[in-house]
Amino acid sequence: MVKIAVCGAAGRMGGRIIAAVKEAEGVEICGALERPGHPMVGQDAGYNAGLGAIGVAISDDLNAVVQACDVLIDFTAPKVSLKNLEVCALYGKSIVIGSTGFTPEERALAAELAREIPVIIAPNMSVGVNVCFKVLADVAKILGEDFDVEIVESHHRLKKDSPSGTAVRMGEVVASALGRDYNKVANYHREGICGERTHDEIGMQTVRGGDIVGEHTVYFIGMGERIEITHRAHTRDMFSRGSVRAAKWVVTAKPGVYDMQDVLGLR
């Protein structure tokens, strides 16, 4: 039985992960974390998950929770995730990170810490999205240089980072397949008289509004034809189920940084 702890247990995603753990076989929820001073600290974690009491209180003691688990699932923010990763490395525990918005320096620090423990860092835990990553790489290689690439992503009005980590990953996948450096060809800004589109650039557009869970479309635009590859998320449950699947996988992995492509055997 894999013992799972959840960081951000009082949030929307944390609640869905706890519910997914309770539904899954071979795993159990052993800990729930929140920041010190959060009003739900001390309350049963099952209430936020819509389950009623499950006998696991939300705690603000990171060290104690990590020591008691086999793997920590973290959907918070980069700085919090890195702190959690440091503590997991200290105690030899695995971690699954779904936070987005990491800087290159933060990614480098995560890779350094992953020399001690297996770490999954994935901008999107959905099986469907990760299949899309595979499809995008294949399509980009087939189409080559004859099609322009544009990405449009849409999320709810409360999302803090832009563009989404999933959209950036899609851009990285396409750029790599085309032999380009994503950081050099990504275009996040078009306004006024900005000149014609360059051949290599990958455009990125963001929509924020309402309660959109997540939608990503990659356009391959040629002369006289267009291919659109779209993934739409209707609920957060696919992310929570994916994170539990990742947690079950990572506890048997060797130290290093992995993502959902590894979990799903898509490499």
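The backbone N, Cα and C atoms fix where each Cβ goes, glycine too.
Just so it is clear, the model here is predicted, and its values are computed rather than measured.
Of the residues Glu25, Glu28, Glu34, Glu145, Swiss-Prot puts just one in the NAD(+) site with Gly8, Ala9, Ala10, Gly11, Arg12, Met13, Gly98, Ser99, Thr100, Ala122, Pro123, Asn124, Met125: Glu34. Residue with the densest Cβ environment among the binding-site residues Ala10, Ala122: Ala122, by other Cβ atoms within 10 Å. Listed binding-site residues: Gly8, Gly165. The one with the lowest count of other Cβ atoms within 10 Å of its Cβ is Gly165. Restricting the recorded positions Gly8, Ala122, Asn124, His155, His156 to those with a CA within 10 Å of the CA of Arg35 (NADP(+) binding site) leaves Gly8, listed by sequence position. In this structure the C-alpha atoms belonging to Lys159 (active site, proton donor) and Gly165 ((S)-2,3,4,5-tetrahydrodipicolinate binding site) are separated by 11 Å.
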